[in-house]
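Asks: Per TrEMBL, the features are:
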TRANSMEM  42-63  transmembrane segment
DOMAIN    50-179  domain 'Fatty acid hydroxylase'
Amino acid sequence: MLLQIYVAMKAMPWYTLLPTVSEYMIENGWTKCFSSISEIGWFAYIIYFPIYLVIVEFGIYWMHRELHDIKPLYKYLHATHHIYNKQNTLSPFAGLAFHPVDGILQAVPHVIALFLVPTHFRSHVALLFIEAIWTANIHDCIHANLWPVMGAGYHTIHHTTYKHNYGHYTIWMDWMLGTLRDPEDDSCQRAQKVQ
């Protein structure tokens, strides 16, 4: 766990680069970000916010999957995070223990979404903050089993198989693209092997 804390703390200053750059782009009017919901109205906000979330989920799924499938990316970036590959080596600190470029790449979908869909600035910043909490949460090995949430049970399987459960907030992308492995099914298979 001390190594996880060390790797996370070493990468943390670099993680601040992307929000800094994205805020610069927002302040210069390069994105579709807006500062007040009154600019577009609550109805439009309620429509755009889920679209933003879908774009982010889609982008993180593919970024994460490619970090596994493209061997140099895995070897030089993502493997740093996957040295924590057993349930007893995962902790909330493992959720932040990334190579800095890996951490930035997995947050890029948040910025891309700013160019594609009108997004409330404070909602965007809040989601970046929640992202850090969420990333720690899915590495704590406490599976709440709340469908369709990508909880720790799903993500623990990801750390042990390397080819399942790439999604971030939900299991929908994994379900649609055939990479979902359910913790309930996994525990049943382990129980059958023991018998």
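Using N, Cα and C of the backbone, Cβ positions are placed for all residues, glycine too.
Those TrEMBL annotations? Automatic predictions, nothing curated.
Note that the coordinates shown come from a computational prediction; the quantities given were computed from them, not determined experimentally.
A description of the local structural setting of each listed feature is requested, covering burial, neighbours and distances.
Replies: Sequence-remote contacts of a segment are chain residues at least 6 beyond its ends whose Cβ falls under 8 Å from one of its Cβ atoms, and for the transmembrane segment (42-63) they are 105-106, 108-110, 112-113, 116-120, 123-124, 127, 166-170, 172-174, 177.
Helix, strand and coil content of the domain 'Fatty acid hydroxylase' (50-179), in residues and according to DSSP, is 90 helix, 4 strand, 36 coil.
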